Every structure is written in C-alpha cells, then in structure tokens.
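Noted in Swiss-Prot for the protein shown:
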TOPO_DOM  1-26  topological domain 'Cytoplasmic'
CROSSLNK  Lys20  ubiquitin cross-link
TRANSMEM  27-47  transmembrane segment
TOPO_DOM  48-152  topological domain 'Extracellular'
CARBOHYD  Asn70  N-linked glycosylation site
CARBOHYD  Asn97  N-linked glycosylation site
COILED    103-149  coiled coil
LIPID     Ser152  GPI-anchor amidated serine
Amino acid sequence: MAPSFYHYLPVAMDERWEPKGWSIRRWWLVAAILVVLIGVVLVCLIVYFANAAHSEACKNGLRLQDECRNTTHLLKHQLTRAQDSLLQTEMQANSCNQTVMDLRDSLKKKVSQTQEQQARIKELENKIERLNQELENLRTQKEISTTVQVNSGGSVVVSSLLVLVAVLFLHF
C-alpha cells in the first residue's frame, strides 16, 4: 500500500480517464438513435411525398399543366398567324388607300380636263352657231343680190335690145 502522506486518494486508472457525466458510449448511442430517428422521419416524408406525387390530384394537375402548355402553344401559334394576317391586311389596306388616292387624283385631273373640253366644245358650238348665222346672212344677201341681178339683168337685156333696135332703126 502507498504511504499515507499523499494528499489524494488512490483512484483506478480507467475511472480517471472517463469524463464526468455521460460516457462516450452513451454519446454514440444517442447519436445513433438520432440518426435512426432522422432516417425514419426522412423515409416517412419520402413515402408521404411519393404518395402525394402519384395521387390522382397530382396526376390531374400534371395533365392539366400539359394541356395548358399545349393550349398556350396553340394560342401563341394562332396569335402569330393572326398578327401576320393583320400585318398583311394592313399592308393591303395601305396599298388600297394609296390606289384610292391615286385614282382620286386621276379623277380630279379627268374632271378638270372634261370641264375644259366642255368649255371648249361650248365655245366651238357658239362659234359654229355664229358662223352658221353669218353663212345664212351671206346666203340671204346672195339670194337678194342674185334676184336683183336677175331683175336688173333682165332689164339690162331689155334695155340693151331696145338700144339695139333703136340704133338699127336709126341706122336704116
């Protein structure tokens, strides 16, 4: 035995190195239990979410999502076609508007030309009427002068014959 003058009591070596409170084995046991509990919780959550993912509601949701995606794609395609059609229609409308403007300008020119031609025709008709009147006046004057000449021509002939007869009488 050891001498009695040591100030501490003799302790066994394996007790001396163990920490006070919980031992290392207990910590490992607690850690293992926690790992198992966490594993069980994770497995339960995975099973729950797997069931939820394969449920009818989820399948219907996925099917509806696919239908919505397809419908959206179809609507986008139809919108693109409608926009292209609208653009083409606008271009045709612009072309038609330009054609209408050109035709309107052309019509205004034709109306102006027609009015000028009608004014010229009216002027020429007036001139023709005036010339016809002058022609009628000249015909009337010619008839009058022809009648006068015929009348005066007959009296000239008669007077010429009388002079000739008188000269012949006087001569013989």
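Placement of Cβ uses the backbone N, Cα and C atoms for every residue, glycine included.
Note: the topological domain 'Extracellular' (48-152) comprises 103 helix, 0 strand, 2 coil (DSSP; helix = H, G, I, strand = E, B).
Averaged over the topological domain 'Cytoplasmic' (1-26), the predicted model has a pLDDT of 60.
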